[in-house]
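Listed in Swiss-Prot for this protein:
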COMPBIAS  80-97  compositional bias 'Pro residues'
COMPBIAS  118-167  compositional bias 'Pro residues'
MOD_RES   LYS246  N6-acetyllysine
MOD_RES   LYS253  N6-acetyllysine
MOD_RES   LYS477  N6-acetyllysine
REGION    80-197  region 'Disordered'
REPEAT    198-269  repeat 'Annexin 1'
REPEAT    270-341  repeat 'Annexin 2'
REPEAT    353-425  repeat 'Annexin 3'
REPEAT    429-500  repeat 'Annexin 4'
Amino acid sequence: MSYPGYPPPAGGYPPGAPGGGAWGGAGYPPPTMPPIGLDNVANYAGQFNQDYLSGVAANMSGTFGGANVPNLYPGAPGGGYPPVPPGGFGQPPPAQQPVPSYGMYPPPGGNPTSGMPSYPPYPGAPVPGQPMLPPGQQPPGVYPGQPPMTYPGQSPVPPPGQQPVPSYPGYSGSGTVTPAVSPAQFGNRGTITDASGFDPLRDAEVLRKAMKGFGTDEQAIIDCLGSRSNKQRQQILLSFKTAYGKDLIKDLKSELSGNFEKTILALMKTPVLFDAYEIKEAIKGAGTDEACLIEILASRSNEHIRELNRVYKTEFKKTLEEAIRSDTSGHFQRLLISLSQGNRDESTNVDMTLVQRDVQELYAAGENRLGTDESKFNAILCSRSRAHLVAVFNEYQRMTGRDIEKSICREMSGDLEQGMLAVVKCLKNTPAFFAERLNKAMRGAGTKDRTLIRIMVSRSEIDLLDIRAEYKRLYGKSLYHDITGDTSGDYRKILLKICGGND
């Protein structure tokens with residue numbers, strides 16, 4: 001069967017890789033990592049083991065982009081928004097910026113339930129099936145201070161305070177549609193940001209005093225490390241060794257214990273290194289934590305996953321793909337290997353001809369046949385861009401009358417079903433996906449502490465504010481409330497510090 005307008009002419013879908021340069025494409029990784037920018041300890045650098053310094057510098061540069069960051073907001077043609085700046089925790093640089101990744105909400109009206117928690121639309125979104133009100137009659141935006149957003153051919157929007165929440169335009173007919181950008185991408189939506197007036201040497205002294213002598217001042221450690229960004233914590237590590245000739249990590253291990261120790265040590269690793277150790281732990285010994293593997297690989301950006309491959313090989317002397325192959329099998333293994341390539345299309349345009357073709361192929365591979373062609377689901381869900389797949393999910397619902405999640409539940413089972421569902425949920429609404437994971441970690445008898453720690457730490461500088469909002473919306477209680485009731489002692493205190501407040 002053929003479809004009008006497909007395949008697209010040369011230069012169409014998929015888009016070409018971004019050009020080379022210091023921030024992506026053929027030029028990535030750069031021949032030399034940019035400097036870390038630790039000016040305040042530069043005079044002491046000669047005292048360190050140079051292999052140790054270069055390793056830390058490489059990790060930090062890969063994660064945070066180094067100090068020589070180019071202008072983040074160049075002029076955009078046509079008066080549109082400039083590219084979204086890097087957001088930390090492996091977010092891609094401007095030249096490789098994907099479609100809304102963290103903090104992404106689904107199109108207005110969400111999707112029908114499929115036996116799983118329903119992910120609601122953004123506050124202020126129109127009633128499903130109803131057209132958007134014209135500018136000037138829109139409900140107030142939920143992000144005060146956000147600059148007005150305009151698109152080619154659109155009438156001027158109201159000033160801040162009277163501005164609508166951006167929404168996806170209707171997908172009808174063929175052609176190319178550029179989706180709106182999620183408000184959560186404009187600014188940091190994490191609970192932890194760079195501390196103002198930061199002095200790593202002073203913080204090193206505070207930590208030294210907290211662990212010196214008889215007993216440990218756990219509250220001082222919580223107040224210090226729980227309110228510094230990951231980049232700042234890496235500087236504290238260097239300053240501590242400079243000032244005292246001791247390894248801060250070893251001192252923390254000797255003074256702390258239990259889940260409190262695990263949380264503090266998680267905060268001290270760079271985001272990519274933390275993920276590498278979480279994956280290593282997930283496949284170690286008897287049994288595999290499949291949910292951990294799919295959570296990490298389904299939710300991280302392309303650049304973060306590429307850096308994760310490099311760090312994993314350096315730390316454990318085997319590739320990430322080799323580790324996955326050694327501990328998984330079948331279609332679930334293929335799904336993980338596909339995601340571990342960090343090669344998802346990052347285009348922001350949507351070709352509706354290709355969308356309709358993918359919908360037809362997904363339907364033919366599942367609901368419209370005896371048995372399931374899992375490889376077709378894998379190929380489409382792991383390679384297409386986020387914007388394209390959101391359009392596919394909407395069109396699938398329109399054309400088949402069934403939500404894509406419900407079809408996956410009907411056609412698959414076991415780890416593959418859970419893996420495919422995780423990919424779809426991350427694409428639709430990343431904060432809601434993590435809210436559901438947190439709720440499951442604390443629900444019922446016992447707490448899945450590793451999951452709780454991993455999500456709280458890894459999302460603390462990205463979208464934990466959005467996760468908190470989704471948690472309250474889905475479960476009627478605040479995340480802060482449930483953490484308080486499910487944990488205790490210093491472990492509870494550090495998690496609540498990361499949580500950042502009650503809703």
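Keep in mind that glycine also has a Cβ here, set from the backbone N, Cα and C atoms.
The helix, strand and coil residue counts that DSSP assigns across the repeat 'Annexin 3' (353-425) are 58 helix, 0 strand, 15 coil. The secondary structure of LYS253 (N6-acetyllysine), as reduced to three states from DSSP, is helical.
In this structure, the CA atom of LYS253 (N6-acetyllysine) is 13 Å away from the CA atom of LYS246 (N6-acetyllysine). For LYS246 (N6-acetyllysine) paired with LYS477 (N6-acetyllysine), the C-alpha to C-alpha distance reads 43 Å. Taking the repeat 'Annexin 1' (198-269) as a whole, pLDDT averages 97 in the prediction. Cβ neighbours within 10 Å of LYS246 (N6-acetyllysine), excluding its own Cβ and spanning all shown chains: 13. Note on LYS477 (N6-acetyllysine): other Cβ atoms within 10 Å of its Cβ, all shown chains, come to 13. When secondary structure is read from DSSP and collapsed to three states, LYS246 (N6-acetyllysine) falls in the coil class. Residues in the repeat 'Annexin 4' (429-500) partition by DSSP class (helix H, G, I; strand E, B; coil) as 54 helix, 0 strand, 18 coil. Mapped onto DSSP classes, the repeat 'Annexin 2' (270-341) shows 55 helix, 0 strand, 17 coil.
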